[in-house]
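Annotation source Swiss-Prot lists Zn(2+) binding site at Cys18, His24, His34, Cys38. Annotation comment: Swiss-Prot describes 15-42 as zinc finger, evidence class sequence analysis.
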Amino acid sequence: MARIKKIFTQEELKQIPCPYDHKHTIVRHRLEYHLKRCNARPVERTDPYYKKDINISTSTDASESSSFEIVDLSKEELSKWICLFNRISDSLPTPQKKVLFHPAMNARLEEGTKKKHAIQQASLLGHMEKLHYFDNQGSIYYEFGAGRAELSRYVQHCSQQENVYILIDRDSNRTKHDSRILKDSIKNNWPEPKIIRCKIDIKDLKLDFFASEFRNSGKPVFAYSKHLCGAATDLTLNCLKSSPPNALVIALCCHHHCRWRTLSTFAREQLSHWGISNPQEFQILRQMTGWAVNSLREHMHASGGADSHISGLSHEERVKIGLKCKHIINYMRKLECEKMGYESSLVYYVGEETTLENVALIAYKRIN
């Protein structure tokens with residue numbers, strides 16, 4: 001008996017975002033089938049390092065989750081906030097330019113592919129070397145927002161010791177470097193490292209588990225990240241408070257993705273001291289950070305565009321304001337590290353020609 005082919009309506013054939021992960025879509029008529037098999041579907045976590053929202057100090061504030069945008073502000077209100085952000089940023093020390101290098105990246109740079117990533121990694125490794133990341137007979141390394149863990153691969157090239165790598169990322173990543181870290185070590189007769197990959201949101205990461213697991217190893221602990229997006233940086237600082245590492249090196253980016261709910265009590269108090277006292281006011285600050293990395297529209301001159309923008313500012317002026325807003329958030333994080341007992345600094349670790357997101361947070365424990 002011949003099968004009857006079902007005819008779907010246009011609505012049933014429409015592609016819709018997956019409710020579990022908006023990064024991919026599904027045909028509407030297959031939604032129920034997809035939800036049962038989607039890799040992003042919620043699962044009951046039994047990992048010993050999982051504790052829901054352990055690194056978030058409070059629940060979501062309704063005023064932050066609203067659809068408020070800075071376009072809702074009048075020109076006068078916008079001008080008031082721009083004046084405040086200018087005043088705050090101008091009162092803060094600016095980062096120093098410290099573009100470093102590590103020879104472990106020579107071969108990678110000669111490959112010629114994605115060279116900008118290699119330049120960033122080379123400088124971050126140079127900063128790690130200055131903080132004695134590689135001086136030990138084995139260390140414990142946390143890579144936050146690890147992605148494919150390419151940076152950890154080159155940390156192993158620098159250290160060449162029996163290290164432990166704890167690779168933390170909430171997403172599944174293809175072409176991971178985990179196996180390459182092991183293969184490189186075997187090929188070069190280095191001690192074989194241990195690699196632990198944790199697929200987890202940093203907000204739920206109970207770092208105490210690993211601290212207790214390796215407490216008797218005698219190995220120093222270090223943290224780093226090449227691309228820690230927005231709120232993930234604040235969550236990482238919250239996470240590290242329970243078991244502070246010897247040092248941390250974090251390349252900062254995507255400030256427009258910061259969220260009030262992921263800030264610590266100290267960070268909120270510091271912002272309030274500067275005149276940014278609630279989620280909506282912080283939303284104005286973080287949305288303006290996007291101005292720093294907005295590209296020029298076609299046929300627009302850097303000194304133009306003021307008449308077509310809500311702020312009445314040219315593209316060039318908006319970029320300057322955006323950079324100042326980013327600096328306020330970065331400096332708040334620097335102060336947070338100092339509150340945790342670290343010596344800390346902000347540095348331009350690469351030039352703007354490599355990436356517009358070129359500031360790194362450096363922190364290391366004070367020696368009494």
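Using N, Cα and C of the backbone, Cβ positions are placed for all residues, glycine too.
This view paints the features noted in Swiss-Prot onto the structure.
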residue	record	Cβ neighbours (10 Å)
Cys18	Zn(2+) binding site	17
His24	Zn(2+) binding site	13
His34	Zn(2+) binding site	17
Cys38	Zn(2+) binding site	16
**Request:** For the recorded Zn(2+) site, enumerate neighbouring residues of the same chain (Cβ within 8 Å of the Cβ centroid of Cys18, His24, His34, Cys38, site residues themselves excluded), in sequence order.
**Result:** Pro19, Tyr20, Asp21, Thr25, Ile26, Leu35, Asn39, Ala40
**Request:** Please classify the secondary structure at Cys18 (Zn(2+) binding site) using three-state DSSP.
**Result:** coil
**Fill in**
Reduced DSSP state (H/G/I helix, E/B strand, rest coil) at Cys38 (Zn(2+) binding site) is coil
